[in-house]
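Visitor: Following this message is one structure expressed as structure tokens.
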Amino acid sequence: MMENYKHTTVLLDEAVNGLNIRPDGIYIDGTFGRGGHSRLILSQLGEEGRLLAIDRDPQAIAVAKTIDDPRFSIIHGPFSALGEYVAERDLIGKIDGILLDLGVSSPQLDDAERGFSFMRDGPLDMRMDPTRGQSAAEWLQTAEEADIAWVLKTYGEERFAKRIARAIVERNREQPMTRTKELAEVVAAATPVKDKFKHPATRTFQAVRIWVNSELEEIEQALKSSLNVLASGGRLSIISFHSLEDRIVKRFMRENSRGPQVPAGLPMTEEQLKKLGGRQLRALGKLMPGEEEVAENPRARSSVLRIAERTNA
């Protein structure tokens with residue numbers, strides 16, 4: 001059954017404007033979600049333009065299939081495989097822009113049955129594609145205590161990672177957790193110091209979700225592929241929602257906006273320097289939501305939009 005949860009697209013105009021849409025261009029929306037970005041891109045494309053959308057959430061795919069437009073196509077899969085999708089369509093080096101809206105969507109958070117939220121009791125799942133891979137409950141029941149602690153520390157930046165991991169393992173030995181409420185209660189009980197502005201389970205839920213969905217690896221692979229598929233002058237427009245995501249995007253754009261790093265004093269000919277290649281991207285800066293958008297949609301508060309352009313190198 002299709003859910004009817006409202007989804008307000010964050011930095012909608014800014015992210016699409018960052019693509020610098022050409023009416024006859026070919027674009028990728030790597031995170032279709034509920035189609036906010038895709039619909040705006042389509043409204044700016046001419047008859048010859050094309051939009052390829054990607055999402056691994058079956059509910060997003062169902063929404064995408066309601067778009068009756070010959071310029072639009074949808075792929076059910078992870079955006080990390082965008083290089084494969086582009087190669088299959090013989091479009092390597094022909095993509096004029098890629099948009100990624102990272103992290104979990106509002107409909108996923110608001111639907112208790114998806115298991116993403118500690119605020120709503122539901123199955124402890126957290127998979128963006130519930131048809132593939134281990135659920136959060138399955139992973140927590142089989143993982144070693146040290147591995148759980150590492151995930152909480154690395155992906156949640158949780159200061160009490162070891163205590164929480166121990167509590168999770170002990171609880172699962174007594175009776176396996178299958179509900180989000182159970183995990184939230186275990187985490188709260190294991191947290192010795194409470195933050196009055198943040199639920200004690202916030203970081204744990206973020207960390208487990210990122211691990212279950214391989215979110216950071218997905219981002220890194222998609223960014224790497226983007227250099228191969230983008231046309232000269234093609235744009236990357238990427239919205240991040242927490243520091244772990246933004247760090248990856250920022251580092252990627254910075255590293256690929258530099259020319260070849262040659263030690264001072266190393267004798268090299270012009271020909272040798274050419275072979276090393278020049279910079280592959282030109283970083284065009286970052287944007288953050290204004291006060292009005294944050295007031296209307298509090299989830300936009302932590303978002304950061306970064307834009308870069310593919311160079312000729």
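Every residue gets a Cβ built from N, Cα and C, even glycine.
Per Swiss-Prot, the feature S-adenosyl-L-methionine binding site maps to G35, G36, H37, D55, F79, D101, Q108; the stated evidence is sequence analysis.
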Visitor: DSSP three-state call for D101 (S-adenosyl-L-methionine binding site): helix, strand or coil?
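Guide: Looking at the DSSP assignment, D101 (S-adenosyl-L-methionine binding site) belongs to a strand.
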Visitor: Among G35, G36, all listed as binding-site residues, which has the most CB atoms within 10 Å of its CB?
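Guide: Answer by Cβ density within 10 Å: G35.
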Visitor: Among all the protein chains here, how many other CB atoms are within 10 A of the CB of H37 (S-adenosyl-L-methionine binding site)?
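Guide: Step by step: centre on the Cβ of H37 (S-adenosyl-L-methionine binding site), count other Cβ atoms within 10 Å, giving 29.
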Visitor: Looking at the binding-site residues D55, D101, which sits with the largest number of other Cβ atoms within 10 Å of its Cβ?
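Guide: The most densely surrounded of these binding-site residues is D55.
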Visitor: Just report the maximum Cα pair distance in Å for the recorded S-adenosyl-L-methionine binders G35, G36, H37, D55, F79, D101, Q108, no decimals.
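Guide: Pairwise Cα check on G35, G36, H37, D55, F79, D101, Q108 gives a maximum of 17 Å.
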Visitor: Inside 10 Å of the Cβ of F79 (S-adenosyl-L-methionine binding site), count up the other Cβ atoms and send me the figure.
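Guide: Other Cβ atoms within 10 Å of F79 (S-adenosyl-L-methionine binding site): 24.
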Visitor: Under 8 Å Cβ to Cβ from Q108 (S-adenosyl-L-methionine binding site), same chain, six or more residues apart: give me those in sequence order, or none if nothing qualifies.
Guide: D57, R114, F116, M128
